[in-house]
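Positions annotated as GTP binding site by TrEMBL: 12-18, 42-44, Arg254, 280-282, 320-322. Among the features that TrEMBL reports, Mg(2+) binding site is placed at Asp13, Gly42. Marked as IMP binding site by TrEMBL: Asp13, Glu14, Gly15, Lys16, Asn40, Ala41, Gly42, His43, Thr123, Arg137, Gln175, Thr190, Arg252. According to TrEMBL, the active site, proton acceptor annotation covers Asp13. According to TrEMBL, the feature active site, proton donor maps to His43. The substrate binding site annotation in TrEMBL covers Thr248, Val249, Thr250, Gly251, Arg252, Glu253, Arg254.
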Amino acid sequence: MPSTVVVGGFFGDEGKGKVIAYLALKDKPSIAVRGGVGPNAGHTFTIDGRTYKVRMLPSAVAYRGCRLMIGAGVLIDPDVLLNEVREFGVLDKVVVDHQAGIIEKRHKEMDRAGEHSRMIGTTGSGSGPANADRASRMLRLAKDVDSLARLTGDVSQLVNDALDKGEHVLIEGTQGTFLSLYHGTYPFVTSKDVTASAICSDVGIGPKRVDDVLVVFKAYVTRVGSGMLEGELDREEARRRGWLEVATVTGRERRAAPFNMRLAKRAVMLNSATQIAVTKLDVLFPDCKHARAYEQLSNEAKRFIESIEDELNLKVTLIGTGEDVYDIIDRRK
Ligand code: IMP
Ligand code: MG
């Protein structure tokens, strides 16, 4: 498929990083481009026993053959980005749109000290205050920052040119549908819309340029920060089930609840999903760990996947069965 946009179906942390790393290695896109809010998101992937975390670069950095871009709608923390560029050695591959917004020190201070931020339980990354400045048209942009001069370019032009040539572009969303400023559990949401349409807008492509919308759900629901979480388990029960996770960016414990079909249906609608990925199936069904073919799943695990397909009327094309990027069942044609 020439263009695939990948978004989270719940409250972020569905395992998009691993799914995107896999898709990049497998499908070899010419460009991977990130939309979404900014460094408030942490994406994780594991290859050969080594775990990598990115907050600014696309998770497709796992694959060495593509250009890595960040769209105009995204906020940049220059320190975080430059550290990742150095860590992965990808200076020659990265393009940041010159109109991407810049998070300053004062935005982080406001995000960490503000009472309202604390009430929402933000990540403290400065994203909310920076987007507030952007809406006020006071925010500095990437083109104004000397340390980014070697990295900036016209991302929307490059992405549209690649699509014109029939090249494959992988578009990475961040956060999750119910953290959307418009469609989420307001006010306990992030500072932008993060559904598939918004991610496309972030990177500068129109709705007709998207071939596939892959919505990623985890086999259970987690949430960090405040806001409602239907069916929330107490901490001990979450630990007992192996659902107690620690957040990538903030180190906070994530709250946990069972898979929520009602939210999943709504996420399918809000994103016009064409495919579903379900991650961490092995946490629910330990006998599925490392399975790489559907036939290897237990009947109980198959029933879980089939109930999702029946309710959502879509195929679950990717199923995560372990930490490694290749611990995945790929049921795409
Ligand atoms: P902010 O985006 O830092 O302003 O935080 C607003 C809300 O979104 C808080 O509940 C955060 O925990 C949540 N949030 C933001 N980004 C992510 C993410 O990537 N994963 C999970 N939660 C997130
Ligand atoms: Mg995350």
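Even glycines carry a Cβ here, placed using N, Cα and C.
Keep in mind that TrEMBL annotations are predicted by a computer and have not been checked by a curator.
Shown on the structure are the features that TrEMBL records.
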residue	record	contacts (Cβ under 8 Å, 6+ apart)
Gly12	GTP binding site	Ala41, Thr174, Gln175, Gly176, Leu179, Arg223, Val224
Asp13	Mg(2+) binding site	Gly176, Lys218, Thr222, Val224, Glu245, Ala247, Thr248, Arg254
Gly42	Mg(2+) binding site	Gly17, Lys53, Val54, Arg55, Ala247, Thr248, Val249
His43	active site, proton donor	Lys16, Gly17, Ile20, Lys53, Val54, Arg55, Ser59, Glu172, Thr174, Thr248
Thr123	IMP binding site	Asn40, Asp111, Val224, Gly225, Ala247, Val249, Thr250
Arg252	IMP binding site	Val224, Gly225, Val246
Glu253	substrate binding site	Val224, Arg235, Leu244, Glu245, Val246, Ala247
Leu281	GTP binding site	Ala219, Cys288, Leu297, Ala301, Phe304, Ile305, Ile319, Gly320, Thr321
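Nearest neighbour of Gly251 (substrate binding site) by Cα distance, taken over the binding-site residues Gly15, Lys18, Thr44: Thr44. Considering other CB atoms within 10 Å as the measure, the emptiest surroundings among the binding-site residues Lys18, Arg254 are those of Arg254. Close to Gly15 (GTP binding site) in the fold, though at least 6 residues off in sequence, lie Val216, Lys218, Ala277, Thr279, Lys280, Gly320, each with a CB less than 8 Å from its CB. Note on the binding-site residues Thr248, Thr250: the fewest other CB atoms within 10 A surround the CB of Thr250. Among the binding-site residues Lys18, Asn40, Thr123, Gln175, Leu281, no residue is identified whose Cβ is positioned under 6 Å from ligand 2. In the three-state DSSP scheme, Gly42 (Mg(2+) binding site) is classed as coil. Within 10 Å of the C-beta of Val249 (substrate binding site) we count 19 further C-beta atoms, all protein chains included. Set side by side, the binding-site residues Asn40, Thr44, Gln175, Thr321 differ in how many other CB atoms lie within 10 angstroms of their CB, and the most is found at Gln175. Residues from the binding-site residues list (Lys18, Arg252, Thr321) with a C-beta closer than 6 Å to any atom of ligand 1: none.
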